[in-house]
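What Swiss-Prot annotates here:
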TRANSMEM  11-31  transmembrane segment
TRANSMEM  53-73  transmembrane segment
TRANSMEM  93-113  transmembrane segment
TRANSMEM  127-147  transmembrane segment
TRANSMEM  160-180  transmembrane segment
TRANSMEM  188-208  transmembrane segment
TRANSMEM  243-263  transmembrane segment
TRANSMEM  276-296  transmembrane segment
TRANSMEM  314-334  transmembrane segment
TRANSMEM  357-377  transmembrane segment
TRANSMEM  387-407  transmembrane segment
TRANSMEM  418-438  transmembrane segment
Amino acid sequence: MQKYISEARQLLALAIPVILAQIAQTAMGFVDTVMAGGYSATDMAAVAIGTSIWLPAILFGHGLLLALTPVIAQLNGSGRRERIAHQVRQGFWLAGCVSVLIMFVLWNAGYIIRSMHNIDPALADKAVGYLRALLWGAPGYLFFQVARNQCEGLAKTKPGMVIGFLGLLVNIPVNYIFIYGHFGMPELGGVGCGVATAAVYWVMFIAMASYVKRARSMRDIRNERGFSKPDTAVMKRLVQLGLPIALALFFEVTLFAVVALLVSPLGIVDVAGHQIALNFSSLMFVLPMSLAAAVTIRVGYRLGQGSTLDAQTAARTGLGVGVCMAVITAIFTVTLREPIALLYNDNPEVVTLAAQLMLLAAVYQISDSIQVIGSGILRGYKDTRSIFFITFTAYWVLGLPSGYILALTDLVVDRMGPAGFWMGFIIGLTSAAIMMMLRMRYLQRQSSAIILQRAAR
């Protein structure tokens, strides 16, 4: 029992800074929306539309680079720290290549926006302008993630937290300058949010790069040679590990976007209630997601040390802590669902529906915690392909069709409306949790030689 308590302490020490960093990142999006809304409703809507396209694109790149964390953790655990700098250099090359792709997609996103049904031309122009300003921040964001993944792979999660809040503090005044046109800058409205956020991402990267260069704990792996030429073998391996994670993130984000589109014809009350419950659930999701990042680090490090038993201990402890967190957040959600809904909207019908949906959200929080931590465990074992197949099957083959049938048809029961889609979420997330656990058990039952061979690739 003592080893599990010790492991839990180490996991929480890693996870808490990640949680706070994620809160800072979420707060940046909140600040953009509120400040754009203070300028005009049209600008706020433009930022919301632009963000709905930006997020899937940038999360694809973010997911691709998550492969660095278990690679660096494993090298650190095995004492091969001299190889880390080369992996990081290749991570920067990969980030640069993906940035070009993302920037191309975002530059041409106007075709998607203008094809939206009955969208106002002025709103479409502002959304396109916002994206074309924001896309210049894509390289800065992804370069920041490379440096952050280097730190987190070495079990240094506090720098990401500190620089995340630095970015938030810089974002507010820079937003104000570009939205309203102060200090000689043009008055850009919602487009100014894109300019400000792009600039902030570069500030965050420069700050993180400066920390990495000066940190005493990284002197032995400092990147003295600068940028070496691309190593196709290393980049190919990073893509093989990262692409399934990137696709899983992409399909997860697009799932919720598709459900939002399917709910939209049901009426304003249904849309508002669904959005409130979804937004609150997303905030609660920060906890298991951050714990999953910590579990990836610990499992990768233990495998690098050559101890499959300690890796199992880290995995089991992560799951135990995650379930305890989920039970607490579920009780919190059930107990305070109506006051929470009132914080978003005071319409009685909206509050009633949101409170009902939050009951369903409380049910799936345990499954959600297990599946996302299971994903973190599999990343630590470098078994990322299974993450994609499990996620795609659970969400798109089981969850979404089930939700559609329950919400919009009479095939099984009378039409349930938004609650049907939330039942679909429960089915999908529970299926994902079961499949993640089965895959984890399959991997852990393999011989130590096979597990360590895979981890060393």
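Just so you know, the numbers here start at 1 and follow the chain as drawn.
Cβ coordinates come from backbone N, Cα and C, glycine included.
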Task: Contact set, same chain, for the transmembrane segment (188-208): CB under 8 Å, 6 or more residues outside the stretch - done: 28, 32, 35-36, 39-40, 42-44, 46-47, 50, 126, 129-138, 140-141, 143-144, 147-148, 151, 159-160, 163-164, 166-167, 170-171, 174-175, 177-181
Task: Chain residues outside the transmembrane segment (127-147) and at least six past its termini with a C-beta under 8 angstroms from it - done: 45-47, 49-50, 53-54, 57-58, 61-62, 65, 68, 88, 91-92, 95-96, 98-99, 102-103, 106-107, 109-110, 113-114, 163, 188, 190-195, 197-205, 208-209, 211-212
Open item on the list: Using a threshold of three or more Cβ pairs below 8 Å, and leaving out pairs closer than 6 in sequence, do the transmembrane segment (243-263) and the transmembrane segment (387-407) count as in contact?
Closed with: yes
- [ ] Count the Cβ pairs between the transmembrane segment (53-73) and the transmembrane segment (243-263) that lie under 8 angstroms and are 6 or more residues apart in sequence, then report whether there are at least 3.
- [x] yes
- [ ] Mind checking which residues of the chain, 6+ beyond the ends of the transmembrane segment (243-263), have their Cβ under 8 Å from one of its Cβ atoms?
- [x] 52, 55-56, 59-64, 66-67, 270-271, 274-275, 278, 375, 379, 384-389, 391-392, 395-396, 399-400, 403-404, 407-408, 418, 421, 424, 428
Open item on the list: Considering only Cβ pairs within less than 8 angstroms, which of the stretches 160-180, 314-334, 357-377 has the most against the transmembrane segment (276-296)?
Closed with: 357-377
